[in-house]
Amino acid sequence: MPPFAEAILYVFLLIAFGYAVALFGLLREGTAEGVADFVFKIGVPVLLFRTIATADFEGISPWPLWATYFCTITLTWMLSHQMVRRAFDRDVRGGVVAGVGGSFSNLALLGLPFIDGVYGHRGLAMLSLILSIHLPLMMVATIVLFRWAARADGMALRTERPRDVAIDFLRQLSRNPLVIGILAGGAYRLTGLPLDGLAGRLVGALAGVAGPLALFSLGMGLRDFGLRGHLFAGSALAGIKLVAMPAIALVLAWAFALPPLSAKVAVASASLPAGVNAWLIARQFNTGFRLASTSVTLGTAAGVVTTGFWLFVAQAAFG
């Protein structure tokens, strides 16, 4: 059995456990929302804070890693968009939803505990570099492309000045708990102070439960999604996310000559299934939410197999 097999089983069994708890109603109504709020607003931001504040980034160049991962996102987004538009005759807005669903890995709730379990703190430091710009860039791309798609589909748009759009975006970004955690960690790192004593214990306690609770919460949240139709399109989109995206990342990691661990983290991150962001964005723009729900559900279910496959391939390719 490969050394990372136990980490994969641990991650996906916790997700399955959360799903089973929600399915059989073992916790009172509203618990899932409370757990999700804690994970998103406290647990994961504190984990990001600790990682950024204390990680050893010596010898890690972010530029090749960013180039590899975000070129992978761009190519996968384009492939997903064109697949849904051409093969399933969806409108342009549906293509944008597909682009998000095919390229937006669940790096926070799933990626942080997964990469930590497989590659340890060094791998987690590399993932935090990706996360530091992942959310802002994906938000910008989604906002810009949806405005373009709405016009392409002949939808009436409220006229907004670019300045107002930029201010609204920055306001949303500044209130995002994950962004706050990353920025706070960077600010603390600049002070040069150690994170120890009582403060270190408190941060360690909150960060320590973030990973397991994030996986458990992810499983509970899947109960609200399920298969909502569009099985062929959803399966194709999940296939792009789980097969095409990590394959593209593998090729680009080789092309950009990434160091072995950076290459493996890039491929592993690309191999993760999409998270709820695709569904939330689809709901926000009132299109493609059934497609997003189906692809997220299928992708998470199949991810236990495909993610293990890509870890094995990355290990064979990069050592």
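Each residue, glycine too, has its Cβ placed from N, Cα and C.
Automatic prediction, not curation, is the source of TrEMBL annotations.
Here is what TrEMBL says about this protein:
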type	residues	note
TRANSMEM	7-26	transmembrane segment
TRANSMEM	38-57	transmembrane segment
TRANSMEM	63-80	transmembrane segment
TRANSMEM	92-112	transmembrane segment
TRANSMEM	124-148	transmembrane segment
TRANSMEM	202-219	transmembrane segment
TRANSMEM	231-257	transmembrane segment
TRANSMEM	263-282	transmembrane segment
TRANSMEM	294-318	transmembrane segment
At an 8 Å Cβ cut-off, counting only pairs 6 or more apart in sequence, do the transmembrane segment (231-257) and the transmembrane segment (294-318) clear the bar of 3 or more pairs? yes
Using a Cβ cut-off under 8 Å, which residues of the same chain at least 6 positions beyond either end of the transmembrane segment (124-148) come close to it? 48, 51-52, 55-57, 60, 62, 65-66, 69-70, 73, 77, 92-93, 96, 99-100, 104, 107-108, 111-112, 115-116, 157, 165, 169, 172-173, 176, 178-179, 182, 186, 261-262, 265-266, 269, 277, 281, 285
For the transmembrane segment (294-318), what are the same-chain contacts with Cβ under 8 Å, counting residues 6+ beyond its ends? 2, 4-5, 8-9, 12, 15, 101-102, 114, 118, 218, 222, 225-231, 233-235, 237-238, 241-243, 246, 250, 253-254, 258, 260, 263-264, 267-268, 270-276, 278-279
Is the transmembrane segment (202-219) close to the transmembrane segment (7-26), in the sense of at least 3 CB pairs under 8 angstroms with a sequence gap of 6 or more? yes
